[in-house]
């Protein structure tokens, strides 16, 4: 009995020990970990939802005011160098507003369907300066004649170069390019579309620091801090603080102007600070409907067209980055490849429209207006569509449009300091869908970000007032193309990021790059939400061949 007892005792299983808890990631015990979020959850209104009609109209007017700043800046830079006076500048602003309104409406209906304003693009500045410089030695009877001749040459260049985006878009080539994008490429692409515009931020605030700096400080305090004082103040200030701040600082600038603070200052200071020195209100017509070829028959010169082709490519890259930012700030999924293609094709048609109606530059997706989506947390498509009514109305009734166009530019620059920063930050959020701890991804991201800002800065610093950049070969058309392309941060970031990401251990880093997350959104029917956000209205897609969708 004893042996049997010992035998059984010796064969009993060892006592089970309590299972050790699973190892937790480093740092998880010190705070919460936030999983990736495909859509922002803190938006008050997404792409399909709409505020009340009074709020919609005010928000739409706010979008108009924001895009007006870039419109006035471009006209202020180019029109005087073309020989135009205040009256010509007023008509150019009217034309830009009209074409922007029409192109925005078309893009929200038949393009990406995202709430993006299509505004005038700085990408065309170098090409426009090149046209101005080519005609500088010509003899004209008056400066106004030189202005009209230059406008006709720019018109011809816009018309011909528009076919680049039409072919790339509706030929699906641009969408196929975006299939090489991963979250590691999209992150720097969207980041630099905001960061690359730093020159239009505080440097221009400093042009009239007593107006620009108070605007910047007041906007931050009222929109972010004062809204927490009372629940009623929260909804008002969060959405309309920008309008209130503009009105307050604009009145402050008017007081300084009337008090004589700028009577004995430099001419440039008067231009930046006074509210009456642009002479737009006195020069603008009461009613003037923009019409095709209002400056005369377009002039087609091959040397000018090639530079505009480079600008068209740059505007396509900038719009693509802006569309990705808008998709997150509107609560939508990333735009599929076929949607990006058709939007760039429609942008080409919009540039053709710009050339017909005599716009001084082509249009692109407005970065600042996308930033406004994040500032107000309202990503409604309807708001942006209603804003086109303000653009078209003020383009026809010139005196009313000129009244708001007299807002000093440092006020707009202070606004851009916030809005461009929001777009840059939303670009950072795309890296959550890739491996943030991969040294390979860190390398691609860092190189793309730095070169995307550094290379364009080199080209901008070495470009003279006539638009001649550092590339100066005997072929002027070749110079214009390269100088335009490499002066654009989003374009350079796209080139560097796409090449490096798709050649550096691409196959072995498929999951780390975030490709499995992005691929369903790039395909037409890869994710069920693609049709929800990007399908044509009124079942138009049933009547259009699929290759053009």
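Each residue, glycine too, has its Cβ placed from N, Cα and C.
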Transmembrane segment range according to TrEMBL, out of 328-346, 347-365, 442-460, 461-479: 442-460
Annotated stretch (transmembrane segment, per TrEMBL) among the listed ranges 28-46, 85-103, 180-198, 275-293: 180-198
Matching range for TrEMBL feature annotation, transmembrane segment, among 3-21, 117-135: 117-135
Correct range for transmembrane segment (source TrEMBL, candidates 411-430, 491-510): 411-430
Contact call for the transmembrane segment (411-430) against the transmembrane segment (205-225), three or more Cβ pairs under 8 Å: yes
Among the ranges 61-80, 156-174, 180-198, the one whose Cβ pairs under 8 Å to the transmembrane segment (117-135) are most numerous: 61-80
Paired segments the transmembrane segment (240-262) and the transmembrane segment (61-80) in contact, 3+ CB pairs under 8 A: yes
